[in-house]
Amino acid sequence: YLVGVGRADCTGPVAQVPLMGYAKTDQVGGGLLSRLYSRAFIVADPEGSSRVVFVSIDIGMVSQRVRLEVLKQLQSKYGELYRQDNVILSGTHTHSGPGGYFQYTLFWITSKGLVRPALSSIVNGIVKSIDIAHENMKKGRLFINRGTVENSQINRSPFSYLANPESERSRYSSNTDKEMVLLKMVDEDGHELGLISWFAVHPVSMNNSNHLVNSDNVGYASYLFEQEKNKGMLPGEGSFVAAFASSNLGDVSPNTRGPFCANTGESCDNPQSSCPVGGAAMCMAEGPGNDMFESTRIIGQNIYLKAKELYEEASQEVTGPLSSAHQWVNMSDVSVELNATHTVKTCKPALGHSFAAGTIDGVGAFNFTQGSVEGDPFWDQIRDQLLGEPSNETKACHSPKPILFSTGEMTWPHPWHPDIVDVQIAAIGSLAILAVPGEFTWVFLGSCSIYCSQISSKPPGTVLPAEQGRGSSGNPGCPWGYLRSTSSLSQNATQELPRGPEPPLFNVTNLTLLPSLSAENAPANKNFGDVLEEVRAEYREREVAGVTFVGANPRNSAENATEHNFLTVERYSSISSSWHVVLNDASWDTRW
């Protein structure tokens, strides 16, 4: 193959913008722990026009708006070389990146609308990473390996999992998917280029009390691998690119100690994830570290060490043709034949009461609990008066899930939830990559192309965790769509696959509640950059060195699209009588 890799910054605004993931309105950015990157990989047929692009981005999920804008820029640069079918965009699902890059109303509520600097930083970072990969393409080889990762995840909905038939559960040794799949890339001379690792774990080691923008545990794994391979380089620099991408992480938590009541310390590992005092709001998962920073490092290092082992031992070469298929599907109106006598139909998306309860990784508000199979008259009445009652058709279709918000039937000021979604698959020889629009609890590559919500199989019982309280729970249309795309791919008939209904691109650029940036002035008798609290001359090992200086609103950096560090740490060399940068604001040892 011809192989190219590239990495580009996509951090965006690190202050005032709500973080995307926990849906917590007061969790806004207030600084930087690590920068966010887009990592692009291109594999092409050296003797033909076939190629596949895979991009892993340190964001919560890929929105329809992001994908449409990226593809528009790629078309203007490269014509039909990079298209809907052969470009896969995948979010790592960190819950600590800026929000505000969606066009559907549901996602505006906790993101203060559409935040153009955040959207532009993501789109431009993705395109730049693809540009770099495109420019650096060379003859290369791919190798695949797989192995088991231990002590890095738990099932955060174990009681729901137990509702699956025994015949289903007996097929697996665990209630989570512990397998890591790794793709190694080298050039024709064996020089290392990069890797993609897929492993099911939520990047939520950083909990919903965090206000520092960062890429969480999988980002820390990328940081460790890239620092090892790009010797002597600062984070974000160097040619080796390591992506730790999302997969079937729908119900998989990195908080391996499990859930405990924050007020009493007792376990709340029960079907409702609720505490005797304080209810569900007190039930939070912990660990494995003493705080969220240590937990991020522990899980990230576990993932990195397994990836390093698989990378070094990878010997199975990937060969064969390249192919890809894409189709837009109106997932609210799909008929699926389950068997010879039974056909079902999908319906408009809706959020259930369990959705509002959150999860043990990030609890919700008020008195909502997981496992709810009945609505609450109080909240249902408020919903009916403010937003309208769900239709009988939608209620029946989503049963037994009690509907809190019928988002598929809500259209003001714009539709609340997407119904047209991307169905996409790509093949690199014997490796097939299925890109899905949500957080699946099955084996898939998640949070790609457009984000709907969490998607899980419908259990035979009535256990409804947060995953099944969300919009597309038990949706049979998703596997149907991929079966159809896979069939076209295997029969080399992708040209015959209908494009499907194209999704809309709403004019929402001015709909934001984010306060505008105003002219700023330094305090009296001070200038921007003046040091208020200087570092000390000496520090003991493991002691924190801190400095305070006069600064402006850091949003200015993203608003003006400037690329620079907010801070650097320099070491003086007596040999050269000069200072050398040893850390920057992308380093995990700095906080700004």
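A Cβ is built for glycine as well, from the same backbone N, Cα and C atoms used for every other residue.
Because the structure is a prediction, the values reported are computed rather than measured.
According to TrEMBL, the protein carries these features:
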- 1-442: domain 'Neutral/alkaline non-lysosomal ceramidase N-terminal' (DOMAIN)
- HIS93, HIS202, GLU439: Zn(2+) binding site (BINDING)
- SER253: active site, nucleophile (ACT_SITE)
- 484-591: domain 'Neutral/alkaline non-lysosomal ceramidase C-terminal' (DOMAIN)
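Across the structure, the residue listed as 'active site, nucleophile' and HIS202 (Zn(2+) binding site) are spaced 5 Å apart at their Cα atoms.
DSSP assignment over the domain 'Neutral/alkaline non-lysosomal ceramidase C-terminal' (484-591) gives 15 helix, 19 strand, 74 coil. Across the domain 'Neutral/alkaline non-lysosomal ceramidase C-terminal' (484-591), the prediction's mean pLDDT works out to 87. Around the Cβ of HIS93 (Zn(2+) binding site), 27 further Cβ atoms fall within 10 Å across all displayed protein chains.
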